[in-house]
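Novice: Have a look at the structure that comes next, please.
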């Protein structure tokens, strides 16, 4: 297709005039996923999915492969950038009522689950101490499922403990899932353009729209330039900022790290898991911390779509954002008072947001009537 025709297609795509920078994170996520697939391919070429050689193959990539250190750091830090963008993208959807486009929201939540699974499998691949123990702790949660738990865990591990078959299948899953993510992302974008993007006011945009190109393309390019600058600065100057010191040691099943914790982007879910002193209860809470997003489109009761003109709801939303950060912070601390109490209070507040959101909507409707 000639260059002008592609631009014409973008030019014919109508977009609301007043969409803010928060709407740029979708295109940034697309850029992140492209980066992850490309760097991931070059890493997979040199990686060896064997428990005796995996750790050494990572060292080989960073030391001996030309620009291997760059590929490895771009892939690891790119994952963090991906999660920063996706959490902002979800927060924007919650704040401005984008979830009322139900199909788009449900496909997006499925994408989040797939992304979290992919990131978890990827974290296991270097076969460092924290990789091994994080895999042990999380896969062990399957044993909490009544009747089927033990069988499912053995099936997932490929044996009676985490071993070579586990690493091989995790590598296979880590390689194949991104293609599922790309397919579902295409569906997500397709469903979005059935109705079109919402806007900060939460009103119908049909009366005031502009062409996507050149206005939004340049806006997207500016944000992409900022994201790329931030990514390259971290890769160049602080490459180990998101890494756990324990993961620089090879996996040893006989030595348990003092404090097992996942990557920062899973800390909120891990904090919710840890706040319940019961295996099955914790596993259910962990699952619900993500699955509860699926309920949001069906529990919207307010007559207003966006939170822009709902001060009480804004207060609740920013309390929820602070709660998310508090859970993440408390998860990095040892399992002892006061951190356990903080985790439990924050986990309760996390779920209370989703429970009180429809009630707040009904209350606001009553206030508007009077």
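Backbone N, Cα and C define each Cβ position, glycine as well.
For 75, 174, the entry in Swiss-Prot reads heme b b562 binding site. Swiss-Prot lists 89, 188 with the feature heme b b566 binding site. For 193, the entry in Swiss-Prot reads ubiquinone binding site. If you look up Swiss-Prot, you'll see 25-45, 69-90, 105-125, 170-190, 218-238, 280-300, 312-332, 339-358 marked as transmembrane segment.
Map these features onto the structure and tell me what's around them.
Specialist: Applying an 8 A CB threshold to same-chain residues 6+ apart, the list for residue 75 (heme b b562 binding site) reads 36, 39, 40, 43. According to DSSP, residue 75 (heme b b562 binding site) sits within a helical segment.
Around the Cβ of residue 188 (heme b b566 binding site), 20 further Cβ atoms fall within 10 Å across all displayed protein chains.
Long-range C-beta contacts of residue 193 (ubiquinone binding site), restricted to its own chain and to partners at least six residues apart, with a cutoff below 8 Å, comprise 13. Secondary structure at residue 193 (ubiquinone binding site), taken from DSSP and collapsed to helix, strand or coil, is helix.
Here the transmembrane segment (25-45) has long-range neighbours at 61, 71-72, 74-75, 78-79, 81-82, 85-86, 88-89, 92, 175, 178, 181-182, 185, 189, 220, 223-224, 227, meaning same-chain residues at least 6 beyond its ends whose C-beta is under 8 angstroms from one of its own.
Through the fold, the transmembrane segment (105-125) approaches residues 47, 49, 54, 79, 82-83, 86, 89-90, 93, 98-99, 131-132, 134-135, 138, 166-167, 170-171, 173-174, 177-178, 180-181, 184-185, 187-188, 191, 262-263, 265-266, 269, 290, 293-294, 296-297 of its own chain, all at least 6 residues removed from its boundaries and within a Cβ separation under 8 Å.
Counting same-chain residues at least six beyond the ends of the transmembrane segment (170-190), those with a Cβ under 8 angstroms from any Cβ of the stretch are 26, 29-30, 33, 36-37, 40, 44, 47, 49, 104, 107-108, 110-111, 114-115, 117-118, 121-122, 124-125, 135.
Sequence-distant contacts of the transmembrane segment (218-238) (same chain, at least 6 residues past either end, Cβ-Cβ under 8 Å): 21, 24-25, 27-28, 31-32, 70, 73-74, 77-78, 81, 85.
Remote same-chain residues near the transmembrane segment (312-332) are listed as 91, 94-95, 261, 264, 267-268, 270-272, 274, 302, 339, 342-343, 346-347, 349-350, 353, 356-357, 360-361, 363-364 (criterion: CB distance under 8 Å, separation of at least six residues from the stretch ends).
Outside the transmembrane segment (339-358) by six or more residues, the chain places 268, 271-272, 274-276, 285, 288-289, 292, 295-296, 299-301, 313, 316-317, 319-320, 323-324, 326-327, 330-331, 333 with a CB less than 8 A from a CB of the stretch.
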Novice: If you draw a 10 Å sphere around the Cβ of residue 174 (heme b b562 binding site), how many other Cβ atoms fall inside it, taking every protein chain shown into account?
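Specialist: I count 22 other Cβ atoms within 10 Å of it.
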Novice: What does the structure give for the C-alpha distance between residue 174 (heme b b562 binding site) and residue 188 (heme b b566 binding site)? Integer Å is fine.
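Specialist: With distance taken Cα to Cα, residue 188 (heme b b566 binding site) is 21 Å from residue 174 (heme b b562 binding site).
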Novice: Which residues, sitting 6 or more apart from residue 89 (heme b b566 binding site) on the same chain, put a CB under 8 Å from its CB?
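Specialist: The list for residue 89 (heme b b566 binding site) reads 25, 26, 29, 108, given in order along the sequence.
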